[in-house]
């Protein structure tokens, strides 16, 4: 029902096609694998559950019809059109709930009885079974379900839900209370798979022709026994369970990937990743499928569903590739995971728990992406218990870290709820005329002039959403005007900011923090500086420059807009941040269109946008890609945009009937509900020419459906630089870009850093015989790498320099190793002269790094294999490095790991290594005491 929520909540755009919907019948793809309605773990265990299914629905909006008609039409379709015997159908209805005070739905009960359903087959249930809610808040209501009896009248009924008819008549508020909806709606849903099973006389959806091709392909590909439909204990080896899991999950994966949802690390992509890995587990561990098997099933899904959903046919190769890649990666992770588990278990004592840190690193939240339940199963097979308490602690820390790293949630603004919107409609208040937002012009000097907008205050709302006749000074409020020049946030563009004044009273300003659209009404969120009343005339300003004194109470202008109630006296002035807000949004929105065009030109005409958001500071653009953009592709995209900016192309905007845009080759539109008429934005080509029947303009330039505000010529953009690019999930790349002066500064910084990299290259090419100088160069390269990783610079240049720096770092490290080897030979020779006899060499030596110290130890042991060696090296920082190696003759009574640990513990440090060679660090001012500890420990062990 998500696509129709704007109708239920009254927020539908009155100019859209959806606003005219009264009766609708549809079929849609549904996935139930997370949230309130989650069937994932049930799939495979029984004969009816699926993560993906096709939902057949019929809808009535605004009371077009209700319970009597909905039940009557459903009964007629099932019994008369489809010919399902009436005596095989049972119905249920909502029996009320005393806790919430909801009365039983006797109206629906009586409808069923009037249709001839025997009272014995009309059952009442409570909230859990017969009151439908999508989430914690929003439209909801009682439902009535039609069930089919699989028992054919023999013995106890075996009921399977077939059709659910939901009567939307309530709205669950944030506090949990239920309020009646102003208008009643009908929302019904019947699973196609279950209907097909009934019509084909099958007891299970998996026995229908929707699944039989897949089950046959699984049998042929795996070589296991044929599918027999067993469940529970009768399903030996869980073979049939695995059949059902794999068949269901490959359908889910295929339709989701075709719709642009890819396996990933959070939200819906993470759920899809779990589904894929669950399918891999069952196919490999139970069905013994060969590698790449899941991907081979994609063509079978396409053959079954492709005629109904052409996007499956279009994307079949990509779907198979993604599934196969993730399957191979998971199988490799499983192999690595088993090796890690084996190594860890060997080190555990008889009663030790398996470390939570290791399990976490193996899990979906860690490095290898193995489901935790599978990790526990692998440990159970080895008779080892997991440290579940430690794991829970790690999960809590990870949740806290994610919360800290998440983008800050914008402050929730005022909004008009469904009851307020209905009240406005009842009083005949017309939708806000926001056409003045397009009333601006480009002056000969290159400046933009924004037209004055005069309006009347139609309604005022207090902070809690209550309609009021007036607001007082300092009060945060919502203003509904008859017209506005403010752009309300939508289509990925941030809301305008600005201020309004009373007509004729220009010295008292009412700052406006945001504007948002609710069902065609634009609500302005402001702080009243004086009393303001309904009916007053006001003037609105966006991007207006005024010379005003600083804000009283603030020492300087804020770097970014603060919530309006944070300003001490918001009405006495206008911050500088308001002045360029609209202009910045216009620049970024036109830049977004040009970026989209340049990406299609670079990557191919089928390249699809997956989302965007912009504000005056930067723009974010998500694009469907098989792989991250290469350095050359990023440069090419930028060059196309730069050329369009240099040409200072005109940007044409015009409203046209939505039908005129339906079959224009290359015209860009998103999966959104557009108003009719719709605004078309065309760069360099007049809209009429771009939409002409024989025109190819939309294939060659940027032509999009868009209601945003744009530049009138591209030259004002100045420049565009892509400053970031990363894969959100496999198949979707997120780009960040800046424009204008910011872009120029990014290019300058990039050039400066490029020169620093070149200087490092020259230093390395000159070579050095001084180890300390070589170490310093390596550190400088590392620091330069860190700077470039986070610098605001062109992404193509960042990637280029990162590649160069990796090469330079490798060369620098090779040079250090060569110098350390030579130094080690010298130092070891000196030490041998001092320690020519005895089983031990315990001494200090001056080296720059732990790796150099280990090299000295190794060379000593090669030259004197009968000796065990431990060396300490004090560092300028105050730390002491330690390295040791034990001769074969000294083991097993003396081990390197224990020797290093004894010495480093004495110095308050730590050690690590093996029985033969080990290293560590510590801090001490008394090196002789540490050396004494080393000698005493070794001699005692020997």
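Keep in mind that glycine also has a Cβ here, set from the backbone N, Cα and C atoms.
Nobody curates TrEMBL annotations by hand; they come from automatic prediction.
Which of 798-825, 826-853, 854-881 counts as coiled coil depends on TrEMBL, and there it is 798-825. Rounded to a whole number, the C-alpha distance linking residue 593 (Zn(2+) binding site) with residue 1 (N-acetylmethionine) is 31 angstrom. Minimal Cβ crowding within 10 Å, among the recorded positions 1, 706, is found at 1. Residues 589, 593, 706, 710 make up the record's Zn(2+) site, and a Cβ search at 8 Å around their centroid adds 590, 592, 651, 681, 704, 708, 709 from the same chain. Counting Cβ atoms from all protein chains shown, residue 593 (Zn(2+) binding site) has 26 others lying within 10 Å of its own Cβ. When pLDDT values are averaged over the coiled coil (798-825), the model yields 93. Separating the Cα atoms of residue 706 (Zn(2+) binding site) and residue 1 (N-acetylmethionine) is a whole-number distance of 25 Å.
Non-local contacts of residue 710 (Zn(2+) binding site) by the CB criterion (under 8 A, 6+ apart in sequence, same chain) comprise 586, 589, 590, 593, 651, 653, 681.
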